[in-house]
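Visitor: When I checked TrEMBL for this same protein, it listed these features:
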- 7-29: transmembrane segment (TRANSMEM)
- 34-324: domain 'Plant heme peroxidase family profile' (DOMAIN)
- C44-C120: disulfide bond (DISULFID)
- R71: site 'Transition state stabilizer' (SITE)
- H75: active site, proton acceptor (ACT_SITE)
- D76, V79, G81, D83, S85, E94: Ca(2+) 1 binding site (BINDING)
- C77-C82: disulfide bond (DISULFID)
- C126-C320: disulfide bond (DISULFID)
- P168: substrate binding site (BINDING)
- H198: heme b binding site (BINDING)
- C205-C231: disulfide bond (DISULFID)
Amino acid sequence: MSLLLQYIYVSIVTMLIPILSLLLSLNYIPCKAQVSSTFYDDTCPNALSTIRTSIGAAVTSDRRMAASLIRLHFHDCFVQGCDASILLEVAPSEKDAFRNGGVRGYEVIDDAKAAVESVCPGIVSCADILAVAARDASVEVGGPSWSVRLGRRDSLTTNPDEANNILPLGSMGLDVLIPIFAQKSLSVRDMVALSGAHTIGQARCVTFRARIYANDSNIDPEFASNLRTNCPQTGGDGNLERLDLVTPNTFDVNYFRNLLERRGLLTSDQALFNGDSTDSIVQEYVDNPALFESDFAAAMVRMGDLDPLTGANGEIRTLCTALN
């Protein structure tokens, strides 16, 4: 090796040593996969369009399904992270957890997974399909879109106990809700924005019965009276009522306008506008619908990034309901 080449070699090594030392100190592993919006561009370029077609057909057939798919993604991400653990049919399962009562849309994810498997088997995780389905469902009912970061892998376990301990309930107030979201590194604004998903969908009588019979001052009397006809004090637990009576199948800010009129269906809804710290955020969204949509999209991205399994962790399930 000539003196010039030796000099160049030593110079390059000398420059690289401190860089490599810094990366090692940060536990940086270059080969570790990370979530990225382009994750399937090479391995399954038709994945997103295939999912979109499947979700579009499901929402066209059942408009309520849009809300169900967004909720399903939420309930998955809050337990063990966004890992499709809610889809596993094992004993005991998250599906059977009390706080997952009324969650639906499982068969839509199964169908989307089957469609993706037909074009690129063993590539796309159920966790990613859940995340994309929530975004596509929002768009189908006039809601915002966002760039979904992909590359999650599917969990090998399910955790019904955690589901029953951490998932929010419709009977909760701000004093309980804010800490639940904070545990997931989601801000108060994230919480209010994500609650705005209740601008679509329906709730069961059992989830709002206590509110409409309590005669509290934070519920419009006529609103409560009308709801009692479909939700008796005993029986009818599964009777459904729209979360937004005005535009139940359109993603808009009428949910927040209802709160100003004390017409939030769930206790957790009305808690957002009840003389407390979140009142101003609700008013902001009523005054500026575009702000709500952008905040909702950003909050969905942050929620979708909760503790994903990547790299060699987890697996890519062939069936979302079962381990490989």
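Cβ atoms here come from the backbone N, Cα and C positions, even for glycine.
How buried are these features, and what lies next to them?
Guide: Under a cutoff of 8 A between CB atoms, and with a sequence separation of 6+ in the same chain, the neighbours of R71 (site 'Transition state stabilizer') are V103, G105, A197, G201.
Other Cβ atoms within 10 Å of the Cβ of H75 (active site, proton acceptor) number 21 in total over all chains.
Other Cβ atoms within 10 Å of the Cβ of S85 (Ca(2+) 1 binding site) number 29 in total over all chains.
Neighbour count (other Cβ atoms within 10 Å of the Cβ, all protein chains): 22 for C320 (disulfide bond).
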Visitor: Ten-angstrom check, please: count other Cβ atoms within 10 Å of the Cβ of P168 (substrate binding site), all chains counted.
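Guide: Looking across every protein chain shown, the total is 19.
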Visitor: Using Cα-Cα distances with a 10 Å cut-off, which of the recorded positions C44, C120, C126, P168, H198 are near S85 (Ca(2+) 1 binding site)?
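Guide: Taking C44, C120, C126, P168, H198 one by one, the ones whose Cα falls within 10 Å of S85 (Ca(2+) 1 binding site) are C126.
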Visitor: Considering Cα atoms only, can you say which of D76, D83, E94, C120, C126 is the nearest neighbour of H198 (heme b binding site) among these recorded positions?
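Guide: For H198 (heme b binding site), the closest Cα among D76, D83, E94, C120, C126 is found at D76.
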Visitor: On a C-alpha basis, identify the one among C44, C126, P168 that is nearest to D83 (Ca(2+) 1 binding site); the candidates are the recorded positions.
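Guide: Spatially nearest to D83 (Ca(2+) 1 binding site) by Cα position is C126.
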Visitor: Looking only at the domain 'Plant heme peroxidase family profile' (34-324), what is the mean pLDDT?
Guide: 96
Visitor: Of the disulfide-bonded residues C44, C126, C231, which sits closest to V79 (Ca(2+) 1 binding site) by Cα distance?
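Guide: Comparing Cα positions, the closest of these disulfide-bonded residues turns out to be C126.
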Visitor: Near H75 (active site, proton acceptor), which disulfide-bonded residues out of C82, C126, C231 have their CA within 10 Å?
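Guide: Those close enough are C82.
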